[in-house]
Structures are given as C-alpha cells and as structure tokens.
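See below for the structure under consideration.
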C-alpha cells in the first residue's frame, strides 16, 4: 500500500487531522476510481442483500454490511476488512497510483529500504553529474590533442563531438572498425562503420552468422563501450575511421598485428605525457594503420587524458560549466543522517579532485555540516574498483590538509571525518559490519559498481542511468508510433490465425513487413538516428537492457529520485510472466 502515498510522501496531510472515530479510506482523496459508480451500485446491492438476510433471521442486525468493497477499505486495511473483501475482476481495478516516470525509481528485484543499513555512493556520474555535452566535448577535444601529439595528422583537429551520435552498450570491433548494437542474445541489430549505417546484406558479409559470439568477446576482439566516459571515445573512433579513410588518404586495414608483438610493445599509458609516441612495432608495415591499432591509440589517449590529471584540471577550473549543483543533494544526505543510516563514499577518484568537487556540490547549505565530509561515515578515495571488490590494495590515510598519503594501521573502525585511500572490501566489511543485503550501493558503472559488488558480495544496488530521462521523454512523444507498431504486429499475428501444418501456401506479407520496418525505423530514429533506443529495438531488448535487468536491483535516471520515496518504502518488482502466462493478466501491471 506504500505506493498510495503521493510524491510528498507522508507529510502532505500533516495539517489535517482525522477524527478518532473516522479511519482514512484507501481510495478517499488518494485516487479517483473510474469504476466508482459500479462500486456504489455494488455496495447498494450488498447492503440490500444484507438487510434481506437480517429480515430472514440468517444474519445478526449488529453488522449489516459484511462484504467490503474497495472504497470501504481503510488505509491501511484491517484484518477484518481484508478477510471480508470481495475481489474485483482484474479488468475493473482502477489504475495503480504511480509516480511521474521522470521521478521514479524502477524495480527489477524487491528492496525494503527500512532494511538497508548502509547507503554507499560512487562519485563520478553518480553524485557528480557531468553536464552534457560540455564535458564530453572537453574530453573529445583533449584526446584529439593527444593523438596529434603522437603523430596523427593535424587535419583531425577540425573534428567535433556529436552528442547525437554515440550511445552506451555498443561493441567496437577492433578488427573491422565497426560499432555494433546487439540484442540480449548476441544477435547484431545495427552495424555502423564510421558514420555509415550498413545494410543487413553488407553486415552479413562481415558477420555471416549475424551474431557476436562469446568466444570472440573472450579473445578481446570486441570492446564493450559500457560507461558514460566512453561516449566521446566511441564518437571519436567513428569520426577517425571516416576521416582517415575518406580524407587523409591513409589506408586502414583489417589485418591485426601479431599478438606476441602486441604483448611485447609497451602501452602508451606507461610513458610520460611529454614523451608520448607510437611504438612502430605495434603497427602494420608499409604505413598501413589497422583498425586495431587505431583503437589502441584512441583507447590509450583516453586513458592518458583521465590519468594524467589534465582533464580533471580543466573541470576544476570551471566547475559550474561541467558539474551540476543542486540544493537537493545535501537535503537528501541530511535525511539519510536523520534516519540513522550509515553513509559511505567509495570512488576511484583521487582526494584532490574528490574534495574540490564534493565541496562545490555540498558545502554551505546546512549549518549543521561544516564540511561535505560530515555527511559521510566512511570516505574512501582511490578505491581502484573493481579491484577493490577482490584483492584490493594497501589502505592509506589521506592528510586532508596536504593530500599526502600515509600508511595507517586501521584496527577497529574507520573514523568519521577522515579520508582513506585504497583498501579492500574484506577490510571494509570487517571494520563496518556492512555485509550483503544490508548495503545499497548506488553507482553508474555496470561492471565496476554493480556486477562486482552484487555477484561477489551480495550488495543490493541502484544503477544510475542518466539516458533514461531522454528515453522516457521520447516514449511519451512517440506513443502514437508505438501504438501503430503494436497494431501492425497484431495484424501480422492475425494473418496466421488458423493456419496449421496442412497449410502449404504462405501468405504474402511483404507489404506488411515493409510497414513494420518503416514504423520501427521511425521509432528508432526518434531515440537516436544511428543506434535507436538504449534499451530496445522494436520488441527486442538490447545487450545493455539485458545487463540492467540481470544485475541492477533498482535503476533510475538520477539518484535524487530517492527523495520521492520514504526511507521505509518497499520497492516491489513486477512478476514477469512466461509467455504462456502473459495472456491471463496482460493488462494488470503492478510495478512501482
């Protein structure tokens, strides 16, 4: 019944008292039932029946009304009411109250917030929301500069980041230079080379099975672009493929350098930023540049920009431009503190960057907190996730005045206000007692934040998917297109009605298939003109969608959407029916 609370939770009616002889009704003032007239008629019939039973001596007059309708239930209902409640048909139930989609937390697995003792947070792209496309444009331009420094033609400097091109969940084929969108079973949905979307026939020439096999993924032929930090990387790689093939006269080859050579050649990230160069042993002879080599150079340049501090320095120089600041953030953390929850920060960022970003976002809002550090019970920077969740690293204490590290002997507990660097999950659990389902960890990185913490240690999790806001907006705008697609799929099913093994002439559905394709293309184009929706392609779920369903207990566009729920809330997941079950209650949705 928790969903019957409206968006302001349980504080909305504080000024309205309910007389002791009146109990609030389940539906009164909370939702309007389209079947209200039917309920009134039903109650009249029930009261008439009860009166007849009394007149016949079959029922005690002390209780004329023994069958409760939906409008009669208290909020929450009593045991007597539930025992005497008469069910409505599923089709007659009024719509379940749901929060506005843009403010909702979506549920894959049940979580009771009042059983969560520890709330943990990542920083980058979770607490620190980077303003798009400004941040991606900055990263894109800085990686371009690195590539020019190591010998790429200066003509690439004219390339610009296109926020309408990249999406997460793509597979980059190192051998052929293609970007692939695949479904949850590994089937190729879309193939893009440079900025050109390839036809199915052309795609099948490269991938005869039209699948990405697990063996090919295991041998690292495909690189999964799964984080928000990889958006500029995906765009730049595609732009370089186009530019180098069409304009610079360089010949990109499909040949892959010898694996032993690749193992023996030092990565660019091992070199100082002032002496970055291309190791010629790692490139094709006769001046050819392979797609694999191009990927390695782009990947390494991206790592350099992130690891040498240059990108972070630019962000810190103009925090309002690159990072969101909202007063809701300290409000949310104050509510966690008031609720006696333990709160920890677990980030891979170093202290100097974490301190300046968190100070910018949280300091100065609440006089009860002198520093952003006061909102947290434990602060760990330089965590080196996902390694933190396995063997970990040596834990050190950070001198918050100088930023220097010192070896510390943490025996009994982490001290509030202090900042620690590195460590491991085993040590964290030993010192805090935070284990398993009592921990809710909130992050944006499916692998480093979600999969490792969940599969290895049973932490509950909330995945932040900022793209969800755009997806929901497009879904709302394209309702008519979606309904038309559903109609076409229904028509296709009807064409085969009654056909069995005696039927020998297949129906001609070429025209219908073309309409289905055109409608599906229109819908995909509304999300992203190259790759479509992050979660769907028509009725097919994407690989990214599969990961979200499999590993994320909860997911939302912004962690601050938790402000729309009381901290005792019970998130209930939909019961997902098998195909043979779905027809029974196809219109009955009990999601949050």
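The backbone N, Cα and C atoms fix where each Cβ goes, and this holds for glycine too.
Since we're looking at a predicted model, the values are computed, not measured.
If you look up Swiss-Prot, you'll see 1-37 (among others) marked as region 'Disordered'.
The feature compositional bias 'Low complexity' is assigned by Swiss-Prot to 1-15.
Within 10 Å of the C-beta of residue 122 (active site, nucleophile) there are 25 other C-beta atoms, taking all protein chains into account. According to Swiss-Prot, the feature active site, nucleophile maps to 122.
The Mg(2+) binding site feature in Swiss-Prot is assigned to 122, 124, 444; the stated evidence is similarity to another entry.
Summarising the annotation, Swiss-Prot assigns active site, proton donor to 124 and lists similarity to another entry as the type of evidence. Proximity of residue 124 (Mg(2+) binding site) to non-local residues of its own chain (separation of 6 or more, Cβ distance below 8 Å) is seen for 130, 229, 347, 348, 349, 444, given in sequence order.
The region 'Disordered' annotation in Swiss-Prot covers 252-273 (among others).
Annotated compositional bias 'Polar residues' per Swiss-Prot: 259-273, in sequence order.
For the recorded site, residue 124 (Mg(2+) binding site), the DSSP three-state label reads strand. Here the Cβ of residue 444 (Mg(2+) binding site) has 23 other Cβ atoms within 10 Å, regardless of which shown protein chain they belong to. Within 8 Å of the Cβ centroid of the Mg(2+) site, not counting the listed residues 122, 124, 444, the chain contributes 123, 125, 126, 127, 128, 347, 443, 445, 449, 464.
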